Amino acid sequence: MHEQYQPREIEAAAQSHWEAQKSFEVSEQPGKDTFYCLSMFPYPSGKLHMGHVRNYTIGDVIARYQRMLGKNVLQPMGWDAFGMPAENAAMKNQVAPAKWTYENIQYMKTQLKSLGLAVDWTREVTTCKPDYYRWEQWLFTRLYKKGVIYRKNGTVNWDPVDQTVLANEQVIDGRGWRSGALIEKREIPMYYFKITAYADELLESLDDLPGWPEQVKTMQRNWIGKSRGMEIGFPYDVASIGSEGVMKVFTTRPDTLMGATYVAVAAEHPLATLAAQGNPELQAFIDECKRGGVAEADIATQEKKGLATALRVQHPLTGELLPVWVANYVLMGYGEGAVMAVPAHDERDFEFASKYGLPIKPVVRTSAGDETPAPWQDAYGEHGELINSGAFDGLDFDGALDAMEVALQKKGLGQARTQFRLRDWGISRQRYWGCPIPIIHCEACGDVPVPENQLPVVLPEDVVPDGAGSPLAKMPEFYDCSCPSCGKPARRETDTMDTFVESSWYFARYASPNYEQGMVDPKAANHWLPVDQYIGGIEHAILHLLYARFFHKLMRDEGLVSSNEPFKNLLTQGMVVAETYYRTLPNGGKDWFNPADVEVERDAKAKVIGAKLKSDGLPVEIGGTEKMSKSKNNGVDPQAMIDAYGADTCRLFMMFASPPDMSCEWSDAGIEGANRFLRRVWRLAHAHVSAGLPGALDLAALSDEQKAIRRATHLAIRQASIDVGQHHKFNTAIAQVMTLMNVLEKAPTASEQDRALLQEGLEAVALLLAPITPHICHELWQQLGKAGSVIDAAWPTVDETALVQDNLTLVVQVNGKLRGQIEVPASASREEVEAAARANENVVRFTEGQTIRKVIVVPGKLVNIVAN
Ligand code: ANZ
Ligand code: ZN
């Protein structure tokens, strides 16, 4: 054993051992408990960042711990390889997205391997490879035939200069991010997954996921947004509209019906189209609305605007004529694309009516009273007793709903309805670097799914996009084809799928990554699924997790998997944050400096009080801790840290800095500390091993002092087992090992018994740290003379007899001041403890000439003597 801790050699040796032994390759083993541990797979952006390192370390610690519990653990890894960054990089560097992506994968794979992850690399999945996306296309064609996927027109952001469709995040202040051109809304045909058909189940089965954070379930519930309400019909006023008909609205507040003072429709609503005929001003407004962004957040915050029309509809109960407005805050894609406006009780309607001088009629008594004077108050939206509502006056919310429903149903103008906020999932992207949609357009036959024997539709990999429209749409060699039904010349779809589709089922493919007869081998999939522990960032709390849950149910309904949910337990890791430093530029902007280039000054309590740039020695401002990001230039490159300290130190630092679900603050001092601790462990082990390994421990012959050491070992095992097993609190588990190390470092080594005790303690240290710092523990285990390697060792168990204490040490205070210690048998009575305390020589000295008024005994801890 080397005297010095040399992480480079140790880590290389452990990794080649695992590789040679195929330690992490797993297969289905009937009868053995399985544990499927999955970290969200990375996008191959180029290199790992600290967030990756944290995510994969957490997953690895859990996987290794479960393996030590005797389970058959699957921990796979792969690449979420399609997506826009590859196209952007391609345009910037004139290299094909495929080449860029595959090179990134190669590099990042070596980085991941250097972390020493217990990953079964034979199961690596790369979503941009045809052997993967072929099955996505296969499922697409099945679902299309079933009607779970359908085509309809959808609204997109259109860049008229680049002649391309932009994603919401590529539209900045209404302009294209590359061209700067004003963005238009366009209607184009798109393919949709009917996720709304699963809305109820997606909502309800959240209740079957006790292993998910409440916060994430709430976010999913809100996103699905089930609201109970009513569909209400407003009959056309034939005089102004020119025909008979009913305008429908969806409302969650039928109780406010008597307060409706106008109705408003979306720009795309048929009544808007009708009103615009011969009304150029209205037509211009409609065009303007259609141009705006399509992101829902924009619509919620944008200024409410509208235009009156000459059209009228009748109030369904009173027959009163209400004006029809076209308003930009009404969405075509939601409810009926029309609202009954109740300005007294709806904030958007209130703002609109105030602006355009429309009547505001309160019909609910709220905690704010019977009136709704400006400005808007949240209380106006409360439920309450009905007023100004004729026959409905005095009813409460539920009573009003029932009464309104009866009254409306009599006229055939109302029906209870549940509405979901969730929309169908539009997956068509007019992009190149994605999975081709397997559809052929034939003039005679329409949309024809590509037959199974013609799959996959392979994406050509040697294309460099130029940013002006989809390259596939300019490649006849791609789109020219013949119709699978009639054989006539036809055109292949050139849109690709949303990259969220690939990440919606990769977890199932890992079970049988090389299976060629289907999307998954049902036997393997059902053996491993559902995932026992899923780990990833909170930024995926909504879309990715919802789509993956949806896909799992789609696959279930195809008979591919038998479970209802893909992820039994979910851990959302906190962010990695670091201090930020900046100088304010003359133009008011900020110039951010990387922490590595800054020297901080600390006061005696290690609090940062100032900072200077290393290069010029002049001060910089301290900007507080923030998520590591390019924009704040506070990222720390994990590779530099691994190169400098080794993977074990980085892993230990990350796991010790905070519990996994909290944010983790990067600090140089922290990583130094982690490294120092590993060197301490090494030093003690080295000293111990150099003296020759001791014989067996003789439990019957332990002195009290020796019993205390053994007790420390087993206390550490007990606490660390609780911390890791029940709460994923790796930080406190590490603290337990540190406490144990303090004891072991001071332990005597004179006798064979002493050294046998130290051996037991060091073995416990190696086992408890093995999931966290696997390389050093691999080496320690061998050096401690253990047979087999530590990854095949079992998690240590507590010897309860070691925890029993014969004697207790109690602190003795006189008037609250520490004056000494006493040693008493663990079985001593209160009286015996008190007597021992009174007899303590310090106590005698400090109470001399005084009267003892009271003796307080805190069992197992202290005795306080009150005297004066
Ligand atoms: C009258 C009313 C009175 C409303 C009131 C609210 C408060 P959730 O809960 O999100 O489903 N709405 C309906 N369709 C709309 C559309 N296409 N675009 C914009 N807004 C629309 O919201 C349902 C409420 O949103 C409905 O209830 C409707 O306004 C509005 F005191 O109707 B309410
Ligand atoms: Zn045809």
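Cβ coordinates are placed from backbone N, Cα and C, and glycine is handled just like the others.
Features of the protein shown, as given by TrEMBL:
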{"type": "DOMAIN", "residues": "39-171", "note": "domain 'Methionyl/Leucyl tRNA synthetase'"}
{"type": "MOTIF", "residues": "42-52", "note": "motif ''HIGH' region'"}
{"type": "DOMAIN", "residues": "221-405", "note": "domain 'Leucyl-tRNA synthetase editing'"}
{"type": "DOMAIN", "residues": "423-579", "note": "domain 'Aminoacyl-tRNA synthetase class Ia'"}
{"type": "DOMAIN", "residues": "626-659", "note": "domain 'Aminoacyl-tRNA synthetase class Ia'"}
{"type": "MOTIF", "residues": "627-631", "note": "motif ''KMSKS' region'"}
{"type": "BINDING", "residues": "Lys630", "note": "ATP binding site"}
{"type": "DOMAIN", "residues": "707-832", "note": "domain 'Methionyl/Valyl/Leucyl/Isoleucyl-tRNA synthetase anticodon-binding'"}
Specify the secondary structure state of Lys630 (ATP binding site) as given by DSSP, simplified to three classes.
coil
Which stretch, 39-171, 221-405, 423-579, tops the Cβ pairs under 8 Å count with the domain 'Aminoacyl-tRNA synthetase class Ia' (626-659)?
39-171
Determine which residues of the chain contact the motif ''HIGH' region' (42-52) at the Cβ level, with the cut-off under 8 Å and only residues 6 or more beyond its ends counted.
79-81, 83, 85, 101, 104-105, 107-108, 111-112, 537, 573, 575-576, 628, 635-639, 666
For the domain 'Methionyl/Leucyl tRNA synthetase' (39-171), which partner among 221-405, 423-579, 707-832 gives the most CB pairs under 8 Å?
423-579
Residue distribution over DSSP helix, strand and coil in the domain 'Methionyl/Valyl/Leucyl/Isoleucyl-tRNA synthetase anticodon-binding' (707-832):
76 helix, 17 strand, 33 coil
